[in-house]
Amino acid sequence: MAEWVFKQGALSLAEMTNLPAGFRKRLAGEAVVGRLEVLDSRVSAAGDTVKYLLGLDDGHAVETVLMRHDYGRTVCVSSQVGCRMACRFCASALGGWIRNLRSGELYEQVLAVRRASGEPVTHVVLMGMGEPLDNYENTLKFVANVTAPYGLRLSQRRITLSTCGLVPEIQKLARERLALTLAISLHAPNNALRDTLVPVNRKYPLEQLIPACAEYARRTGRRVSFEYILLGGVNDSPELARELSDLLTGLLGHVNLIPANPVPESGYRAPSPEAVRTFRRVLEEGGVPVSLRRELGADIGAACGQLRRRHRTKAVEE
């Protein structure tokens with residue numbers, strides 16, 4: 001049964017033809033093979049990104065994204081309906097948190113995208129709506145299923161888990177000794193600025209977060225990715241780049257620079273191209289590995305910080 005659900009993506013018990021008919025009939029009265037309904041889909045102008053609006057059985061909906069790369073197909077999975085982290089530049093926090101997604105709802109996002117696109121999924125990033133480590137147990141169950149022999153058999157190394165910095169859960173994840181790529185939504189090199197942009201920093205400041213990241217890298221042997229959204233005139237100065245370089249010196253890590261994507265409600269703007277070049281150069285001069293993310297899907301609201309909670313009954317109208 002697990003193989004039918006997790007690998008074949010069966011939509012009903014009737015499809016599980018190698019199970020006895022009587023057993024399937026009895027089971028039908030006690031269980032339902034869940035599936036998320038595709039309410040809407042939007043394709044970017046470049047054709048490399050598709051955003052799906054998936055309806056849940058309680059009337060809410062989540063956004064899931066397919067990204068087409070030269071090296072494969074990546075699905076960006078949401079972990080919660082809404083988010084309670086309240087990052088100032090992120091649309092997912094608008095309207096607050098409703099509930100955690102069940103592990104099956106995380107998995108079904110991957111299957112729904114595979115069905116709708118007809119393309120095999122090679123990578124997963126837990127970077128959609130919500131904070132994955134605020135839904136720890138369901139997130140780890142999802143990882144176990146998507147990497148299992150009865151599932152899609154994805155390599156753990158092809159899964160990236162993003163967090164804004166829940167230190168106890170990062171430490172717990174490190175003890176799991178999984179080969180996941182940990183991505184930290186950093187966005188500021190000091191507590192004063194990060195307290196404003198990423199409010200969870202007030203509970204888990206950089207003095208706790210950075211050692212937790214170092215522990216994760218040490219226990220897993222995996223390089224930690226530090227995501228840094230560049231907000232024009234806010235966190236994109238050369239001085240802050242030098243602070244960031246000092247903060248990460250000696251850590252097995254990598255900085256991923258992301259020019260801010262439009263979220264009208266946030267009031268933030270993208271940095272100038274010159275500010276991006278200078279920020280990157282300062283990090284490189286400091287010996288910090290750095291890359292500039294090629295953003296996909298900004299024109300359809302599918303890029304970093306743009307996914308948001310919607311209600312199923314209103315989604316189709318939008």
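Keep in mind that glycine also has a Cβ here, set from the backbone N, Cα and C atoms.
Features reported for this protein in Swiss-Prot:
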type     : residues                                               : note
ACT_SITE : Glu63                                                  : active site, proton acceptor
ACT_SITE : Cys304                                                 : active site, S-methylcysteine intermediate
BINDING  : Cys83, Cys87, Cys90                                    : [4Fe-4S] cluster binding site
BINDING  : Gly130, Glu131, Ser162, Ser185, Leu186, His187, Asn261 : S-adenosyl-L-methionine binding site
DISULFID : Cys76-Cys304                                           : disulfide bond
DOMAIN   : 69-299                                                 : domain 'Radical SAM core'
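Swiss-Prot feature annotations superimposed on the structure.
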residue : record                               : Cβ within 10 Å
Glu63   : active site, proton acceptor         : 25
Cys76   : disulfide bond                       : 28
Cys87   : [4Fe-4S] cluster binding site        : 21
Cys90   : [4Fe-4S] cluster binding site        : 25
Gly130  : S-adenosyl-L-methionine binding site : 31
Glu131  : S-adenosyl-L-methionine binding site : 27
Ser162  : S-adenosyl-L-methionine binding site : 22
Ser185  : S-adenosyl-L-methionine binding site : 26
Leu186  : S-adenosyl-L-methionine binding site : 29
Asn261  : S-adenosyl-L-methionine binding site : 22
Pairwise C-alpha maximum, in angstrom, for the residues (Gly130, Glu131, Ser162, Ser185, Leu186, His187, Asn261) that bind S-adenosyl-L-methionine according to the record: 19
Inter-residue Cα distance where the pair is Glu131 (S-adenosyl-L-methionine binding site) and Cys87 ([4Fe-4S] cluster binding site), in Å: 11
Subset of recorded positions (Glu63, Cys76, Glu131, His187) lying within 10 A of Cys90 ([4Fe-4S] cluster binding site), CA to CA, in sequence order: none
Mapped DSSP class for Ser185 (S-adenosyl-L-methionine binding site), helix or strand or coil: strand
Between Glu131 (S-adenosyl-L-methionine binding site) and Cys83 ([4Fe-4S] cluster binding site), the C-alpha gap once rounded to whole angstrom: 7
Other CB atoms within 10 A, centred on Cys83 ([4Fe-4S] cluster binding site): 27
Cys76 (disulfide bond) versus Ser162 (S-adenosyl-L-methionine binding site) - Cα distance in angstrom: 11
Cys83 ([4Fe-4S] cluster binding site) and Asn261 (S-adenosyl-L-methionine binding site), distance between Cα atoms, whole Å: 18
